[in-house]
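Enquirer: Among the features that TrEMBL reports, domain 'Blue (type 1) copper' is placed at 50-144. Per TrEMBL, the feature Cu cation binding site maps to CYS131, HIS134, MET139. Positions annotated as region 'Disordered' by TrEMBL: 151-173. Per TrEMBL, compositional bias 'Polar residues' is recorded for 161-172.
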Amino acid sequence: MVQNGTKRSTGARSRRGFLRTVGGVTVGALAATPATAQSGGGTTHTISMLTEGGSYYFDPIGLHVEPGDTVEWVNESGQHSATSYTSDNPRYDGDRRIPSGAESWNSGVFEESGATFSYTFEETGTYDYYCIPHRTLGMVGRIVCGSPGGPAAENEFPESDSPQGTMPSSETIVEEGSLEWPYVPTTDHGGPPLLFWGGVGALGATSAYLFTVYDRASGRYSTPDLPGNE
Ligand SMILES: [Cu+2]
C-alpha cells in the first residue's frame, strides 16, 4: 500500500538518514520513488521548519488549503519533523487532532537542511501537527482543509504545547488564508496584547526595567514591586 506522504532529500547523506530512521526494504523502495504525492492537480503550499534565535517553529503556523492541495514542509534549519497529532505517532498519546477519516502522517526527523516532506489533504476539517523533538517547546502548526471541523476544531489545543504567540483558531485561518509565525491576535486597540510586547521586550529587558523604575523627580531608581518602596 502506498501511503500519502512523500519524503524527499537533497543528497545521499540524508537518504541514508531516512533509511536508518524508518528502516526496511519496503520503505527503501518507497523512498526511491520521486515525490508524486500530489493528486488531482491541487495547489502545493510550502511550510518552513526553522530553528532560529532559540525558537523552533513552523512558518506559516496556520494555513488554509483546499481538498486535493498538497503541503510541502521544507527543513530550513535545525532538526525537525512534521507529525500529525495522532496516537500512532512518536511522543504523543493524547487525543487525535485530525479529522476522523484522514490519514495520519509523520515525516520522521529531518537531519539536514533542504529535506522535504509532502502530504496531500483530502478530508475536510482541521489538522493539528507537531515537531517530534520540539512539540513541548511549542513547535506546532494547524492546517484547515476546506472548512473547520473534527476534534481539533472542537477541543482546546493542549496547553503544554502552546506556541509562542498563540495557536490561531480554525476560523481565523480560513479568513486569513495563511498566518505567519508567531501568530498574535490583535486586540480592540489594534495592537498585540501587552503580554506579547513583554516577550518581545525581553531582549531589552534591562534598559526597559530601568526606564520604568527611574523616578524623574528624585533622580533615583526605585523598586516599585517591593512593599515599602513608593
Ligand atoms: Cu522542531
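The backbone N, Cα and C atoms fix where each Cβ goes, and this holds for glycine too.
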Enquirer: Report, as a single number, how many Cβ atoms besides its own are within 10 Å of the Cβ of CYS131 (Cu cation binding site).
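Expert: Cβ-Cβ neighbours of CYS131 (Cu cation binding site) within 10 Å number 28.
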Enquirer: For the domain 'Blue (type 1) copper' (50-144), what is the mean per-residue pLDDT, to the nearest integer?
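Expert: In the predicted model, the domain 'Blue (type 1) copper' (50-144) has a mean pLDDT of 98.
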Enquirer: What's the most sparsely packed of the binding-site residues HIS134, MET139, counting other C-beta atoms within 10 A?
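Expert: Checked HIS134, MET139; of these binding-site residues, fewest Cβ neighbours within 10 Å: HIS134.
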